[in-house]
Each structure stands twice: as structure tokens, then as C-alpha cells.
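**Q** Before I ask anything, here is the structure I am working with.
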Amino acid sequence: MHSFQLLGLAALGSLVAAAPSPSRVSDLTERSSSCTFTDAAKASSSASSCSSIVLKDIAVPAGKTLDLSHVKDGTTITFEGTTTFGYKEWKGPLIRLAGKDITVTMAKGAVIDGEGSRWWDGKGTNGGKTKPKFLYAHKLEDSTIKGLNIKNTPVQAISVQANNLHLTDITIDNSDGDSKGGHNTDGFDISESNGVYISGANVKNQDDCIAINSGKNIEFTGGTCSGGHGLSIGSIGGRDDNTVQGVKITDSTVTNSDNGIRIKTIVDETGSVSDVTYSNIKLSGIHKKGIVIQQDYKNGGPTGKPSNGIPIKDVTVDGITGSVDSKATPVYILCGSGSCSDWTWKNVKLSGGKSSSECKNLPSGVSC
């Protein structure tokens, strides 16, 4: 009898050892879960239980955010069909993303349509209707956003505050705003980030194609920008973080825009801009300035009196070619006393327009 008991206990022990622990079963189920949502509220509340998320023909209610900021590490998010948003005057954002090792992508033929003309009044964020920001890519780490097709954002499209984020083959088409009052429709606004890599972007808008306000190790390559204010660093100053370091903007085109490439720092503020490269940028149809680097910026209009609290150093401008309009200025440099230094300036070939006689404090080797 005693021996039978021992055998029974041994068999029971082997069964217990062979069975997976409840936590492991639970982990396996969660890792493999795939969810398709057609309701915005359900997506926002339940996304954290899924490892693969499909957002199909989502209609986000007015005044609400499609909140995908609590997803699990490693989640894949796919937009399918048409994503739309109800109308309300508010600050937004309409979409919020966050997390680690997140992949955001889009099915063929899908679109995220902000229907921005409902808010457009020619004033952007400077008055008139309160307009929601479109997409916050904040607190993303080691993540990828690729292939998004975004249309008609009320104001700024993608706000980035992230570490090691890749944004690939993204289209932002606000061209309807040219005739319907679009304003401040920036493509990518980057701040407080380390490692942002944008490639293959196609942006049509009425403001900066990209605006880097702070951060380091930022790259923009293979982009096409049309209708806006060009490839910008700044405006720098007046924020919690006013340092830009390690920027490469290369192999891109800017057409039918106010400016080509631009660095602007706010007058009488402090900060720094360093280790910046603009290389192989082709310009055409530039209405105001092909290359503009100014230290007198102020919203509402430059002062004409540059300050030197935000030095701009270690800048390479190489291979900026193309043309500007007949009334435009090919190159305009306005630096504070001693605050622009160690620049490399070569292969700048811009035709058209009129040279400026108002350039000031140019670094060695640079000409207007």
C-alpha cells in the first residue's frame, strides 16, 4: 500500500512539472492575440490586450482622441480603410501613439483623413477657430511608423517626441489648403528627441515640411516637399529644451515653397545649434528665400536685429542647387556678433532672384 502511494505521488509530480504555469499560458495567449476594431472608443480602451491591432474604417467622435498610447511592447498597429474624425473646436490630438518596439503601418488604399477644411480659416494656430493637432508620436522608443497616407490635417500633422523612431514613406497631403485657408500645417515637428530618422516623406502643405525645434541625431532623407516653408531647423528658443545637435537633411527636393532650407533662432533667447548638414537639396519655385539662416526671428515678423544667444556652429551646406523666383533672394544670412562659426559652404548653385545687401556677420567662406 505504501509503495502504491509513492507511485501515485510521483506520477502526480510529473504531471505538475509537465504542465505550463498559468502565467506562461497567459503570456502566450496575450502575445498571440490579434484584434480588429471598428469602434474608436473600443480601440482606445482595449488595445492594451492585443499584440496585433487592425483599425478598420474608424470614425473617431468629435472631441475625442484615438488613444493608442497604452499598447504593449512589440505591438503592430495597422490602419485599414478610411479613418475620420468628428468636428469640434479643441486642441486635440486626434491620434496619440506611445510605446516601445511599436510598428504602425497602413493597408493598401487606406487613408487617415482629417477633413481639415472644416477648421481652416487662414489663421492656423494664430487665431480664429481652435484647431486640433493631428498625431502625437510622443514617448515612442525603438519604433517604426511606415506607409501612412495622411490627408488634410487641421493644423500641424505629426508631432514627434521620441527616441530611435523611424518614419518611412509617409505621405502628408494638405494641398487642398492652398485654396481653402490651410495654415500652420507643418509636416513633421520634432522636439526633445534622440534618434529620429525620416525617409521617403512626401509633404504638401502650407508651413514647414519639417521643423526641428530641439533634439539630437535627427535625419531627413529622400523627401519631397511642396507648397510650404521648406526644410527648417527652428525656430529655436523660448522652450524648455533649446538645443539642436547632429542633424542631417539630405537628398531631397523643395518645390513651390516660400523657402528652401532654413535655420531660424528667436531673438534674445538662449540655446545652441550645432553639427548640422544640408546636402544635395534641389530647389525650384522658391518664392522668398532659397537659403535663409537668421538670428532675429520673432513670430509675426523678424526684427532685423540679430542676437547671439543661440550660436549656430559646425554647419555644412553642400550641394544646394536649383532656382528661386525672380523676386526672391537666393541666400540670406543674418547672424549675431560672433555667433555663427565653423561653417562649410560649397557647391551652392542657385539661379534667379536678387542678391541681398542685408546679410550680416557671415562666417568665413560664406557669401550671400
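Placement of Cβ uses the backbone N, Cα and C atoms for every residue, glycine included.
These numbers come from a predicted model, not from an experiment.
In case it's useful when we look at the structure, here is the feature table from Swiss-Prot:
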SIGNAL    1-18  signal peptide
DISULFID  C35-C50  disulfide bond
REPEAT    162-192  repeat 'PbH1 1'
ACT_SITE  D207  active site, proton donor
DISULFID  C209-C225  disulfide bond
REPEAT    215-235  repeat 'PbH1 3'
REPEAT    273-295  repeat 'PbH1 5'
REPEAT    307-328  repeat 'PbH1 6'
DISULFID  C335-C340  disulfide bond
DISULFID  C359-C368  disulfide bond
**Q** Roughly how many Å lie between the Cα atoms of C50 (disulfide bond) and C209 (disulfide bond), rounded to a whole value?
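**A** Computed Cα spacing between C50 (disulfide bond) and C209 (disulfide bond) is 34 Å.
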**Q** Could you tell me the C-alpha distance between C209 (disulfide bond) and C35 (disulfide bond) in angstrom, no decimals?
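**A** Cα to Cα, C209 (disulfide bond) and C35 (disulfide bond) are separated by 34 Å.
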**Q** Would you count the other C-beta atoms found within 10 angstroms of the C-beta of C209 (disulfide bond) for me?
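**A** Other Cβ atoms within 10 Å of C209 (disulfide bond): 30.
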**Q** Residues of the same chain, at least six outside the repeat 'PbH1 5' (273-295), with any C-beta under 8 angstroms of its C-beta?
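**A** Distant contacts of the repeat 'PbH1 5' (273-295): 230-231, 233-234, 236, 243-265, 267, 302, 306-308, 310-325, 327-336, 339-340, 348, 350, 353.
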**Q** Residues with Cβ closer than 8 Å to the Cβ of C225 (disulfide bond), same chain and 6+ apart in sequence?
**A** G187, A201, V203, C209, I210, L231, S252, T253, V254, T255, S257
**Q** Can you count the other CB atoms that lie within 10 A of the CB of C50 (disulfide bond)?
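**A** So the Cβ neighbour count for C50 (disulfide bond) comes to 20.
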**Q** Between C35 (disulfide bond) and C335 (disulfide bond), how far is it from one CA atom to the other, in Å?
**A** 54
**Q** Near the Cβ of C35 (disulfide bond), how many other Cβ atoms are there if near means within 10 Å?
**A** 16
